[in-house]
Amino acid sequence: MSSHLFIGLMSGTSLDGVDGVLSRIDEQGQMQVLAHGFTPFEASFREALMVLNQSGPDELHRSALAGNTISRLYALVVKDLLAQAQYTASDIAAVGAHGQTVRHRPLEFDGTSQQAAVGYTIQLINPALLAELTGIDVVADFRSRDLAAGGQGAPLVPAFHAGVFGRPGQCVASMNIGGISNISVLNANGTVQGWDCGPGNALMDFWCQLHTGQAFDRDGAWASTGTIHTDLLHSLLSEDFLSRTPPKSTGRDLFNPAWLEQHLSTFSKLPAVDVQATLTEFTALACAMDVSLHATEARTLIVCGGGALNGHLMRRLSAHLPDVDVVNSEQRGLPPLQVEAAAFAWLAFKALRRETASLQSVTGARGARVLGALYPR
Ligand SMILES: Nc1ncnc2c1ncn2[C@@H]1O[C@H](COP(=O)(O)OP(=O)(O)OP(=O)(O)O)[C@@H](O)[C@H]1O
Ligand SMILES: CC(=O)N[C@H]1[C@@H]2OC[C@@H](O2)[C@@H](O)[C@@H]1O[C@H](C)C(=O)O
């Protein structure tokens with residue numbers, strides 16, 4: 001490989017925009033981030049993506065166009081990263097581009113025979129267009145091979161978390177709180193577990209946008225002025241997904257406005273601010289329960305993703321984990337908004353080397369697989 005420079009691009013289930021990093025990765029897979037960029041989605045595009053999370057008229061056409069738009073936004077982030085770090089396209093070995101998840105249905109039975117049941121996951125992107133626009137090799141479609149091998153196709157970051165946050169001889173847990181939250185348990189003996197915990201910012205963002213017009217509750221300031229409603233909290237916590245045994249993964253397919261409305265139907269008189277306080281508490285508890293029940297050895301929880309910037313959420317998470325040191329990933333060398341994009345740079349590095357990147361212990365697949373498809377420059 002002529003270059004050790006990789007770009008990772010991630011637009012996740014928060015639907016806030018595209019994070020990108022340009023990084024140097026050495027032969028051992030150790031990474032140094034050289035630049036970080038972010039391009040927000042315009043409100044109209046965000047809405048179009050939100051609508052594409054459910055079926056609707058002419059959705060194939062709208063999905064294809066959204067894939068083109070997202071690829072153009074990804075290309076803008078690449079341009080910005082190259083300018084920041086003063087490199088040109090020919091210096092970069094590859095771009096790892098996640099795309100925009102609009103469906104995640106692992107292991108869904110098709111009603112005919114169990115043999116045919118594989119499930120699917122859809123990330124909108126036009127990788128050919130991204131290769132054309134950037135002049136860089138693009139690796140995309142990271143999840144489908146794991147699904148084909150019987151896995152969940154998510155989460156994929158635990159192997160990366162292990163390399164960046166793992167401490168030999170210690171059990172450490174790391175948690176990404178994006179639109180959906182996911183945990184990696186990095187055991188003292190080097191084994192790794194991981195799964196999706198439940199909602200991250202998705203429900204809080206939805207409610208905040210609806211009632212304040214703001215895309216998210218900055219620092220959890222609004223939620224912190226409300227009162228937690230115990231009955232609503234219990235209703236939210238009764239969701240089956242939370243008590244399911246891993247491997248498990250989820251998305252907006254489950255934790256969406258319709259799911260929330262269903263739980264709110266018997267609490268229609270509650271002040272909006274109390275609902276926000278309760279949603280924040282629910283999110284914190286769904287995350288904390290997975291640590292206290294399944295990462296019993298962990299004394300440190302490293303939090304990344306935008307949720308790490310929500311001070312109120314972080315305080316509630318800490319309150320539910322009195323024996324665990326809850327820290328922001330920046331304290332471990334990688335700022336919260338860079339972690340997922342960095343993971344996709346690393347996944348591209350693994351793909352070019354034809355090395356496996358999925359973990360059977362996380363996704364439940366028949367084995368580890370080489371992930372991603374290459375679109376040459
Ligand atoms: N200062 C802040 N205070 C509160 N919340 C914040 C702040 N900054 C970001 N966030 C939250 O983080 C979200 C973005 O997080 P992130 O970029 O990790 O999401 P994502 O890429 O969609 O993640 P995933 O793929 O894991 O779903 C925003 O939508 C918002 O809810
Ligand atoms: C299908 C999909 O896009 N899943 C995302 C989502 O966002 C958080 C959580 O759900 C996680 O499972 C995953 O993202 C990260 C990058 C992962 O695969 O590890």
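A Cβ is built for glycine as well, from the same backbone N, Cα and C atoms used for every other residue.
All TrEMBL annotations are machine predictions without curation.
What TrEMBL says about this protein:
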type    : residues                                               : note
BINDING : Gly12, Thr13, Ser14, Leu15, Asp16, Gly17, Val18, Asp19 : ATP binding site
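Sequence-ordered, the extra residues of this chain that approach the ATP site, with Cβ no more than 8 Å from the Cβ center of Gly12, Thr13, Ser14, Leu15, Asp16, Gly17, Val18, Asp19, are Met10, Ser11, Phe41, Gly178, Gly179.
Comparing the binding-site residues Asp16, Asp19 on other C-beta atoms within 10 angstroms of each C-beta gives the minimum for Asp16. Proximity to ligand 2 at the level of Cβ atoms, with a cut-off under 6 angstroms, picks out Gly12, Thr13 from the binding-site residues Gly12, Thr13, Leu15, Gly17, Asp19. Long-range Cβ proximity for Gly17 (ATP binding site), meaning a same-chain Cβ under 8 A and a gap of 6 or more residues, is found for Ser11, Phe38, Thr39, Pro40, Phe41, Leu73. Ser14 (ATP binding site) is surrounded by 22 other CB atoms, counting those within 10 A of its CB over all protein chains shown. Within 10 Å of the Cβ of Gly12 (ATP binding site) there are 24 other Cβ atoms, across all protein chains. Checking the binding-site residues Gly12, Thr13, Ser14, Asp16, Gly17, Val18 against ligand 1, the ones with a C-beta less than 6 Å from an atom of that molecule are Gly12, Thr13, Ser14, Asp16. The Cβ of Val18 (ATP binding site) lies under 8 Å from the Cβ of Leu9, Met10, Ser11, Phe38, Thr39, Phe41, Ile70, Leu73, Tyr74, Val77, each of which sits 6+ residues away along the same chain. Counting every protein chain shown, 24 other Cβ atoms lie within 10 Å of the Cβ of Thr13 (ATP binding site).
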